[in-house]
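A.B. asks: A single structure is presented below for examination.
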Amino acid sequence: MATACPPLSLPSTSLFRGRSARAGPNAGSSRPSAAAPSERRSWRRPRPDGGRAAAGERNQREEVERPPVWLMRQAGRYMKSYQLLCERYPSFRERSENVDLVVEISLQPWKVFKPDGVILFSDILTPLPGMNIPFDIVKGKGPVIYDPLRTAAAVNEVREFVPEEWVPYVGQALNILRQEVKNEAAVLGFVGAPFTLASYCVEGGSSKNFTLIKKMAFSEPAILHNLLQKFTTSMANYIKYQADNGAQAVQIFDSWATELSPADFEEFSLPYLKQIVDSVRETHPDLPLILYASGSGGLLERLPLTGVDVVSLDWTVDMAEGRKRLGSNTAVQGNVDPGVLFGSKEFITRRIYDTVQKAGNVGHVLNLGHGIKVGTPEENVAHFFEVAKGIRY
C-alpha cells in the first residue's frame, strides 16, 4: 500500500505533507531571491499520532526554502509526448481509465520538469458511470451526459459511488505514482465539487449560461438538493479512497460555483463543500484539501468557510488582495495567468517573482490561475519550473 511510503522529506513540499501552513502577518512583505538548490531549512513534520489537531496547532507557520510548485493541467495537450500518445489512444476515457496510461501521462511532466506535485491524470466526471450516469468526452465538444438529470425520477436513479468497485484503476495508479516519485514529490488527487458535477449532469454537458441548472435551483430546489447530497456523499468517499491509496493532497474543483450569486452559493455549494471537508477530517485529519473555483473574486471571503486548507486563486484576483481577503488562517495557491507562458522568458520570470512576493513566505503553493493552455511552449513551462525552484525566501 502507498500509505507505507515514507512521508515527503522535501522542505519545498511541506504544504502538501501536513496542514500547518498559514499566511501569517508577514505575507507579502518579503522579496524572494535566487539561491543555490542545495540550501535547505528545517520544517515541521505532521502530527505523529495522526490525530485531529486544534485549529491553532494545524496552522502553525512552517519555515520552508521556497514555495512548492506544480501546475494545473501540467500533464496534457501542450506536451509533445502526450500528443504522440493520443495518436495511439484517441479516446480520452481510455487514456484516463487505463492504469498504465494514467501513470504514464501523470509522469510525463514529472520526468521533464520535476514539479513538487504530481497530479493524477483523470477527469472530474470519471465517477459518473459508477453513479448510474453515462457520459463520454467527445473531441471538439467536450463532456456529453447522455441522459441529463432534469426530473426527480432521474435524480432518484443516481446511486452512491463506490470507488473500489467502479474505479479501481485510480487506486492502482495512485499507488504506482507514489512508488515512482518516491519521496521527491507529493502525489495529488482531485475530485469535482457537488454543484459543478450537478451542473454538467443537468445541463447535459458544458454550458455558457447555466439556464437549466438555475431553473432547477430556483423552481424545484428540493430536486437539486437531493442531487447535491448524493454527489457530496460520493465525493467525500472518493477523496478518502484516493488518500487511502497514496494521494497526499486532494484538490476539489468547483469550476461552476462562481456562476452563482453569493446568496445562492451559500445555499447550493458552500454547505455541501463544508460537509465534504468535515467528513474527510473525521477519517483523514491531516490530509491537505485545496479548493479551486475559477473566477471566484466575488465569493472569495466565503471560500475559507468550507474548511479547506488552501484556496487556489485564479489570475483575476491580485495575490496581495487575495491574501488580505482570505485571512491569515488560509493558505493560497496560484495564481499566474496561464497566458503568461506565451510571453518571453524575462516576462515569465517577472510575473513569477511578483506573485511570490505578494504571496509572502509562508502558506503559498506556486501555480497558475487556471490550467495550462493548449499550444503553450514546453520550453516556457520548463523555464517556469526552473525559475520557481531557484527562488529562495
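From the backbone N, Cα and C atoms, a Cβ is placed for every residue, glycine too.
Swiss-Prot lists 1-64 with the feature region 'Disordered'. According to Swiss-Prot, the feature compositional bias 'Low complexity' maps to 23-37. According to Swiss-Prot, the compositional bias 'Basic and acidic residues' annotation covers 38-50. Summarising the annotation, Swiss-Prot assigns substrate binding site to Arg73, Gln74, Ala75, Gly76, Arg77, Phe92, Ser122, Asp123, Tyr200, Ser255, His370. Per Swiss-Prot, the feature site 'Transition state stabilizer' maps to Asp123.
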A.B. asks: Could you tell me which three-state DSSP class Tyr200 (substrate binding site) falls into?
C.D. replies: helix
A.B. asks: Quick check on the binding-site residues Arg73, Arg77, His370: which one has the highest count of other Cβ atoms within 10 Å of its Cβ?
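C.D. replies: Counting Cβ neighbours within 10 Å, the top one is His370.
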A.B. asks: C-alpha of Tyr200 (substrate binding site) to C-alpha of Asp123 (site 'Transition state stabilizer'): distance in Å?
C.D. replies: 13
A.B. asks: Within its own chain, what residues at least 6 apart in sequence put their Cβ under 8 Å from the Cβ of Ala75 (substrate binding site), listed in sequence order?
C.D. replies: Tyr82, Ile105, Ser106, Leu107, Gln108, Pro109, Ile119, Phe121
